[in-house]
Structure formats: C-alpha cells, structure tokens
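Pulled from TrEMBL, these are the features on record:
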- 25-45: transmembrane segment (TRANSMEM)
- 35-280: domain 'G-protein coupled receptors family 1 profile' (DOMAIN)
- 57-79: transmembrane segment (TRANSMEM)
- 99-122: transmembrane segment (TRANSMEM)
- 143-162: transmembrane segment (TRANSMEM)
- 168-189: transmembrane segment (TRANSMEM)
- 225-246: transmembrane segment (TRANSMEM)
- 266-286: transmembrane segment (TRANSMEM)
Amino acid sequence: MGLGASHCTGVGAPREVSITTLCTAALYCIFTVPGNLLIILSILLDPNKNLHRTPYILFILNLAITDFIVGVMVEPLSMVTHWREAHSLSVSNSWLSQFVYFMCCTASLLSLVILTIDRYLAITSPFWYHVNMTNARVLQGSVVIWILSIACSGMLFVIGFVMCAFVFANLTLFCTVFILLFSYVRVFLTVQEKVKELVILHEDDNERNKAQERHLLWEKKLTKIHLVMLLAFLACYGPACIMIYLMNLCHSCSCEVIHWLRDMHFVLITLNSLINPFVYALRLPVLNKAMRKLLGTLLFWKRGAVAPETSPGGEITSATHTK
C-alpha cells in the first residue's frame, strides 16, 4: 500500500471528532487573537518608549503576526469546516482553511529558524551582527519567510492535505535537528564564555565595561527566551509530527483513528500560536511592561477620559477624567 491514508478517502469524520475540534478551535480563538494583537500593538506603538526595536524583537513581531493570522483566519475557517462536517454538509471549500493553515505553519517554522540564526549571529559574531543586521534586512528576511510559506503551501493543491502534512512533518524534523544540533550547541557554548566575561567586566567598574555588561545580560536574556520558545514549539509540534507520521504510515488504523489523528495534530499545532504571547510577556520584562501600559490604557479609556499616567517603569499611577 502506498504512502498516505488513501483507504479513508471519501469517509466522513465521526461527529464527535468534528465537534471536539470545533469547540477547541473556538476556545483557542478567544485567547490567540487578543494575546497576539496585544504583542503586535505593544511593539508597534511602544507605549513606554523604551522598547528597543532590535532585529530579534522585530522577528518576534513577524511571528506574532503569523500567530494572529492563525487566530483570525485559520481557526474561524476551521470552525466553519468542522461545523459543516458535523452536520454532514459539503466541505469542498475547506481548501482555503487548509492553505492558510499550512502557510502559517510554514511561516512559524521559518520564523523560528531565522530567530535561531539571529541568536547565533548575535552571540557568536556581535560586531558583524550590529553592523549588518539592519531593519531593512529584517524586513527582507520577513518577506522571504512569507514568500516561501505561500510557495510551499501551494503543494496542497497537488498532493492533498494528508501528504502535505507529511512533507511539513519532515521539514519540521529537519529544521528542529538543524536548530538543536548546529545552532544551539554553538550558541550555548558561546553564552557560557560570555558569562565568564561578565565576571571579569564586573570587577572593572568603568562606564564602557558597564555598557558591555548590560549588553551581554540583554543577549543572554533573549537567548533564554528563545530557548523557552523552542521548548514550547517542540512540545506542540513534536507530538503533532508523530500523529502525521501515523496518519501516513499506519495502514491498519481505522478511518476513525485517522480522523482523530488528523484533527488532533491541528489542535496541537495551533496551540503553539496561543502559547507564544505568554512566553514573550512572561520572559521579557520590557515587553511585559509595554503590554500592561497598553492594556491599562485600553481598559481605562472611555469617552472624555484621558489615558492613565504611568511611571517610567510602565505602572499605572493615576488617571484623570474630563467632565
């Protein structure tokens, strides 16, 4: 028997599978959209005027936009598809949902790769990084990510959903091995060397060394944040990839099992888009304060109200209102 769940072609999904996925997508949507929108607005508006738009922060913005699209397009379209599926209606238009899904999955994966490359260059070649990693190059990198994501998603129309998922699983496996075995081994070895430098710099209390110390601490913090992002990615995509392999290679599995695997891999992958904003907010204090300031402004704002005043640290201290 060939690759793929061909024995289940034309077999409808059990109603409970469709209802479960529909409800999960609705729940995810409630948190994914506002969480990522808050990240996007916090970076673009920078309410505390202290969020340095480094290449890493701008690449996080690109990833947040990807996750936001998952919340406003992929999950609502999935809800429509699974509602129709649960009521035994035609789902012939599900190609749009599937195309946007694969586009966002690929964009997320490539964003993670380029974020890792960013960390690699920032840690191992700091001088080259600060001279050459301009905002224009970040924009170019983001455009390339989206072009590749759209192009790769076009495979859906040639090989179908299940096989496209199989190709994506292999791409994920390759990229993960690349990230873990190549970049991060080198990055963390270099970070350890930089930490030793911090001890030496701390002993010499001149202004230049203090600036270097602050820079090294910032790069170390960003690297730790990226490690947490990578672990969250693996926690969601790892089991999903196993399910994709089973969908394609388990020829003795019943069609009900295949449908469960099909939907649960979708649930796990879209979960990552929900988790990412919490990773940024909890691990990056300057972004956390920007989000709190922006959220506080939105909550306190009303007709005739003046935005709440904040302290330099981003905490709300007072709010004045006009009659």
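Heads up, the Cβ atoms here are built off N, Cα and C, so glycines get one too.
Contacts between the transmembrane segment (143-162) and the transmembrane segment (225-246): absent, as fewer than 3 C-beta pairs lie under 8 angstroms at sequence separation of six or more. Sequence-distant contacts of the transmembrane segment (25-45) (same chain, at least 6 residues past either end, Cβ-Cβ under 8 Å): 51, 53, 57-58, 60-61, 64-65, 67-68, 70-72, 75-76, 78-79, 82, 267, 270-271, 273-274, 276-278, 280-281, 287, 290-291, 294-295. Within its own chain, the transmembrane segment (99-122) has Cβ neighbours under 8 Å at 55-56, 59-60, 62-63, 66-67, 69-70, 73-74, 77-78, 128-129, 133, 141, 145-146, 148-150, 152-153, 155-157, 164-165, 168, 171-172, 175, 178-179, 183-184, 186-187, 219, 222-223, 226, 229-230, 233, 237, 266, 269, 272-273, counting only residues six or more beyond its boundaries.
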